[in-house]
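Here the structure is laid out as structure tokens; the discussion comes afterwards.
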Amino acid sequence: MSSAPETSDADHVSTAQPALGIPRPPSVGGISSRMTDVASEDGEQSQANTGISSRPPQSQRSLSRRGPPPARSSITAHSQMTSRPGSSASRLSRSHIPSLTAQGFFRPMSSQRLQAHRGRPVTKETATPSEDWNDQLDQNRQSIISNGTFPQSSAPQEEAPPSRGTEFTDPIIPDRNTSNASPFGNTTSRSVGESAKLLHDRDRVYKITPQHLDLGANHNIEKSDPSQRSPLSFLSLQNGNTAPEPRDNRAHERLSSADSSPGSIQKQHHAPTSANLGKNYEYFTGNTLFFGGGRFQNSRDKPINIATGIFVVLPSALFFAYSAPWLWHHISPAVPILFAYLFYICFSSFIHASVVDPGIIPRNLHPMPPPEPSGDPLLIGPPTNDWVMVKLATSDVAAMDVPVKYCKTCNIWRPPRCYHCRVCDNCVETLDHHCVWLNNCVGRRNYRYFFAFVSSATLLALFLLGASLAHVLVYRAREGVSFGSAIDKWRVPWAMVIYGALAAPYPASLWAYHLFLIGRGETTREYLNSHKFAKADRHRPFTQGNIFRNWISVLARPRPPTYLQFKRPYQEGDQRLSAMKRKDRPRDVEAQADIEMQHVPPTPRQG
């Protein structure tokens, strides 16, 4: 190579390409790979033959002139374009340094042009100088890399297939916000502008999927939906064709784009839900027992409420069996009817208060961040106490701060008047107390039932006492016998007199006590906790101002809906509930730990 004689630039340009039979290296970024391609200063004797400018300087157009750029083609295309007259401004734009920027850099191809180029059939006609410049773009490779210079030949060259196009070959700068050839043809979408994604899936090249088996196709496109047009949406009709040309759908892939219109016609295919996962109550983690498909619930504790129901049903049944018939015929039918009404009110309110959701607050609403394993174990955690300002009902401007606490068991910040029951293992809204006779908490949703049960049980016990005693006394007077003989005749009614006298004081005391609490605007827990402070420091922020307003606000308020809705189907991923059913969870973790800590006998040696 070093012994080769040196030649001038003009001689090398005129003789190098015909002599060599191999293509020259492609130009990169508009800079020629050979220094001999650079034009001389005079611009008359030699010409710059680069991968971008392969025509003589007289036929090149200025970059500043508006119009379609010249096609970057091979020598064959150059021989066809030499007859075009040169521009008057071409001399002013000549320089001894070639253009460093590709002319298509500022005019990337839009997705509409790309779709039109790929779907256009290959034409065999030879382009003439009078044809539009788009015909030259369709029959020549418009990529910088593919425009290598080949040796000139008189044999006709095979026409290249229509180019896929790149972002450097579109003659007009597209609007990236609206210009896109949507596969559905009815809406304009935001184009990503990545033509390289067309080569994403090479496995599907020339595979034609039947339309009825294509799951990704939208077959229910309304034909009457007018397409949204923009000035750049007519680029595919530059040749004057009003009807769309047939497209070859082989190896086509839909461009990635995001919908810019809220009225998109694309269907959202939701993933099919899993099989029947059960109801919400099956995934509840509290110490609550459910039955009746989640309609009824009770604390998972000693069922003392069964004994309470027996204490109500058994004496009432004895009264209906022995005293009610005699009183119906000898005194008045109103006596047993009124007793039946009181029994119905008492027993129904007992059932409601015992099996109704008292107002359980959902869990895991405010989970704390987990501690870092590498953190300091002695580091103080986040605070679990706070204060909430409550506007007083007795004043338009006054307010009072009430304490709230974070429940580490339920992972929630409790609202005011909410407490955690250690028996039910639940945070209950406006918790009054846990009633062992109901085996359930008494909260906001069942407090009215509890109050009705206590009051009706008091009236029922007093009515049982009076009706049974009237039965014995009226019989003694009508028959003219002694009191002992009347008792000996009606032993069961006399036993109901004793039972009523023993049973009435307890519900009567509860009734009076809760009338006192309701009148003060406090719950049982609030009243007991207030005694920890001096009388001057005791406050009642939830009172309505007087006794009657407090009674109305508690006894006449509507019952709020349940928060957890235990009867509804369980949805996977509900953070309020557990991810595993109760029956699938280990029943006793401590028992399992004891089993692990048991003594394991040594394995006997073999052989």
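Heads up, the Cβ atoms here are built off N, Cα and C, so glycines get one too.
Within the model, the topological domain 'Cytoplasmic' (1-305) shows a mean pLDDT value of 52, rounded to a whole number. If you look up Swiss-Prot, you'll see 1-305 (among others) marked as topological domain 'Cytoplasmic'.
According to Swiss-Prot, the region 'Disordered' annotation covers 1-198 (among others).
Annotation comment: Swiss-Prot describes 53-66 as compositional bias 'Low complexity'.
Annotation source Swiss-Prot lists compositional bias 'Polar residues' at 73-102 (among others).
For 125-156 (among others), the entry in Swiss-Prot reads compositional bias 'Polar residues'.
Residues or ranges marked as compositional bias 'Polar residues' in Swiss-Prot: 176-192 (among others).
Sequence annotations record features per position, and here Swiss-Prot assigns region 'Disordered' to 217-272 (among others).
The annotation compositional bias 'Polar residues' is assigned in Swiss-Prot to 227-242 (among others).
The compositional bias 'Basic and acidic residues' feature in Swiss-Prot is assigned to 245-256.
Per Swiss-Prot, the feature compositional bias 'Polar residues' maps to 257-272 (among others).
Annotation comment: Swiss-Prot describes 327-330 (among others) as topological domain 'Lumenal'. For the topological domain 'Lumenal' (327-330), DSSP puts the residue distribution at 4 helix, 0 strand, 0 coil.
If you look up Swiss-Prot, you'll see 352-449 (among others) marked as topological domain 'Cytoplasmic', on the strength of sequence analysis.
Residue environment of Cys435 (active site, S-palmitoyl cysteine intermediate) contains 23 other Cβ atoms, counted within 10 Å of its Cβ in all protein chains. A strand conformation is recorded for Cys435 (active site, S-palmitoyl cysteine intermediate) in the three-state DSSP classification. According to Swiss-Prot, the feature active site, S-palmitoyl cysteine intermediate maps to Cys435.
Per Swiss-Prot, topological domain 'Lumenal' is recorded for 471-497 (among others).
Residues annotated as topological domain 'Cytoplasmic' in Swiss-Prot: 519-607 (among others).
As annotated by Swiss-Prot, region 'Disordered' applies to 570-607 (among others).
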Folded-back contacts onto the topological domain 'Lumenal' (471-497), same chain, C-beta under 8 angstroms, at least six residues removed: 315, 318-319, 321-323, 326-327, 330-331, 464-465
Helix, strand and coil totals (DSSP H, G, I; E, B; other) for the topological domain 'Cytoplasmic' (352-449): 7 helix, 31 strand, 60 coil
Long-range neighbours of the topological domain 'Lumenal' (327-330), counting only residues six or more past its ends (CB under 8 A): 336, 467, 470-471, 474, 478
